[in-house]
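Here TrEMBL flags A:65-87, A:94-116, A:151-177, A:209-234, A:254-274, A:294-312 as transmembrane segment.
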Amino acid sequence: MWDFLNLFSVPVLETSIRLATPLLLACLAGLFSERAGIFDIGLEGKMLIAAFFSAAISFNTGSVWLGLGAGILASVTLSIIHGLASITFRGNQLISGVAINFLAAGMTVLIAQSWFKQGGRTPQLEGAARFNPIEFPFAETFMPVPVAGPVYASLIGGHALLVYVAIAMVPLTWWVLFRTRFGLRLRAVGENPAAVDTAGVSVVGLRNAAVLICGVLCGLAGAYLATALQAGFVKDMTAGRGYIALAALIFAKWRPWYALAACLLFGYLQAIALRPDLLTAAFGFKVQIQLLDALPYILTVVILAGFVGKAIPPRAGGAPYVKER
Amino acid sequence: MDVIPKWADAVLVPLISLILAAVLSALVILAIGEDPVAAAKLMVEGAVGSTYGWGYTLYYATNFIFTGLAVSVAFHARMFNIGGEGQAMLGGLGVALVCLYIPFPHWALALPVAIIGAAAFAAIWAAIPAYLQAKRGSHIVITTIMFNFIAAALLNYLLVGMLKPSGAMDPATAKFAATTHLPTFQDLFSWGEKPVFRGAPANVSFFVSLLACVAVWFLIWRTRLGFEIRAYGESESAAKYAGISPTKIIMISMIISGALAGCMAINNVMGEAERLVLGSVEGAGFIGIAVALMGRSHPLGVLLAAILFGFLYQGGAELALWTNIPRELIIVIQALVIMFTGALDNMIRMPLEKIFLMMRKEGAA
């Protein structure tokens, strides 16, 4: 019994939240883009380049805020390229995304090697060059209280600022998409751009706005990876998180609150994969780590196949909009 | 009527894309404080300046021919098979099982069986996303991406578990029997005193990949099935009206695509490593995308583009060895090629169309 409850102990859940944060930010980034009809498989690349520039500039200036700005700027630059390819030149959005992922994977190592000469990584970040955990008031005092104490100290409190930003982004995204005129138009442009165009609203403008928002959110995700979750950039540090975020987006059927749930679930799977001993104790046999690694992808394929509820993407997704002449 | 003549579409557009990618790459090299001219010289010398260099260039090219053809066949049916990486991993598994558990007397017997093994495993891996696309409407791009990760997890599981010989440390299978050794170019072409292609991994698989080019050309442009694939790719509704079953085309073209990607394993697993190691595909599945885009999905184009990328790979390795330019430069070049030939195609095509239109008007006047 206790062995089973250990799977949901405070440290495991705390790790889940930390690992879910970059997924959540990237997932919401993809949500904006795909709701506007622009497929984005370049989430991975944008996170990666943001991770590098945030770590590099944080290290050079000693200020994590400047690092965050640089990370967002780098990610937005890639977003602009994606917008140029898929909106302005009506190219294939998927191919553009693939190119962006490779561009980021190559450029980060190239620049890191040229700047720091440490084999494609940045030096360790310390102090003000990182987003440090925020201690909640009286956390120490309440610590001895059973359950509630540790939950207050390290599950609710004790995270880096960007964790709270990510969670706050969920209601904000919901509000923007479903309660503002901009959101209504943005969703419309992903379903039926011709109708939006007929109403006299710029399809190109809306889609570019969505792609830029996507860039900013991916920038936050990457900066969180390099300056909060870890202390510096290492080669390929996103490690497929952009694709897991994409999977979470499908799992959530392109809706913000479901995205939070999906990312927490996938974050939990990542967290539990770090503690195979707990799994063995709980179930009495050895659970393969590889199965846990593959689980988000398998679940997504099952959802996509429509065996457990149907995931229907925005109708105009992936198709460039050609104005009638 | 086409604005751009056919030759310009096939040669000029990719060429301009390539020049743009090369110029940007040179700027990148300049930006990191190295000399692009010296780098280019070193790459040419390292990749095609000796039979040894050619041996590596053609070895890499063989991988890229298979994965490039795989992406091309799917492109003809207007599907984007991004899962070449995972399919090639499964192909490797097929080759490994065949080579480990069947005692072959001679490589000439082992090779065809290994091809069947590789193609079968990879085809099954491609058939699942194809089925989900055809019958359940799941987007093939997303499912094939997911299948890449699932394949990686599966191989990781098998190679640190069941397939690893007891007592071994690294995640890999046992060495294949000596009778499955494919003749390398060194074995094939060294008659005189001085061995050529010494120590280079290029092997008979290269000729198999050339045969695959011819076979794909024949399939796409000379058979009824190829016509159906192209018809479906041009217009799904027209194909349906002509009595072509979308399910059949999606399934068959993805199975062929997967089988081709899987066949890469006879080169890297059977020909080079002679055992299955973790991560043996090394991104060749993704390079297939660049190769197919650059080669305009035509086998001849794929062959040339694959050799170009083979050159870049070998040249890049030489650069990493002799200069401070990391191997990742190749990934940047690859990204630029995919970007210019794939996504930014119209950026190059639109001005070209204008030029050709102007020339035509002047010719008429």
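A Cβ is built for glycine as well, from the same backbone N, Cα and C atoms used for every other residue.
It is A:65-87 that, among the stretches A:65-87, A:94-116, A:151-177, A:254-274, forms the most Cβ pairs under 8 Å with the transmembrane segment (A:209-234). Within the same chain, residues 10-11, 13-14, 17-18, 21, 24-25, 28, 31-32, 35, 131-136, 139-140, 142-143, 145, 183, 186-187, 217, 220, 223-224, 228-229, 256-257, 259-260 sit at least 6 positions outside the transmembrane segment (A:151-177) and bring their C-beta atoms closer than 8 Å to a C-beta of that stretch. Beyond its flanks by at least six residues, the transmembrane segment (A:254-274) meets 7, 12-13, 15-21, 23-24, 27-28, 31, 34-35, 167, 170-171, 173-174, 177, 244-245, 247-248, 289, 292-293, 295-296, 311, 313-314 of its own chain at Cβ-Cβ distances under 8 Å. Long-range neighbours of the transmembrane segment (A:94-116) within the same chain, counting only residues 6 or more positions beyond its ends whose Cβ lies under 8 Å from a Cβ of the stretch, are 39-42, 44-46, 48-49, 51-52, 56, 78, 81-82, 85-86, 122-123, 233, 235-236, 242, 318.
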